[in-house]
């Protein structure tokens, strides 16, 4: 699946055009204290890794697609990064007090990745699995929802993603015990320009461009034209629904 994300354009969009959702969702995990070492699995451009910095003295991000890390120094200058698969983490046993995976496990072989996450997690540590879906809705009305449906029709999603309910993970890896699960909605004010940058950073747009279905200029022009009416009144309160699950090692 790393091939879908092995894109310099996608890395740039993820690094600089994505809304600040990760830190808000991590706050819902209600973690206390400061971890010695934290690991961000499937870290993408490093935005989710940067969100860990207030929670740990040392932060390491792991990403299978090397191109996604092109802007790591700008995004998370205090973190370290390794190109590796979640199914083969290059770290010692019980090395991390905090392990996170933000929308990453959906692309892994859970029968191989979950034992690795359990292995590198120290006794008493926390595993936080969280994700959020696309910004399809706005508090002000249905216009954005209708636009997003057309957006998905014009730019279909690439293959490889699988739905994942983190509450099912202990059934796959009995070494994990669920402490808490909660649904959250992050609501952010966004201008039409900011939302357009976000939409153009989505993987379905990059996939359409890379496979020759659309050009990037065509995608930008279409988004600019069709979003003008949606954001006619100015800012919208855009909603990112998500979930956060916290695990410990089972005794």
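Note that Cβ sites are derived from N, Cα and C of the backbone, with glycine treated the same way.
Features reported for this protein in TrEMBL:
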DOMAIN    39-129  domain 'Methyltransferase type 11'
I'd like to know the mean pLDDT over the domain 'Methyltransferase type 11' (39-129).
98
Taking DSSP states H, G and I as helix and E and B as strand, how many residues of the domain 'Methyltransferase type 11' (39-129) are helix, strand and coil?
32 helix, 31 strand, 28 coil
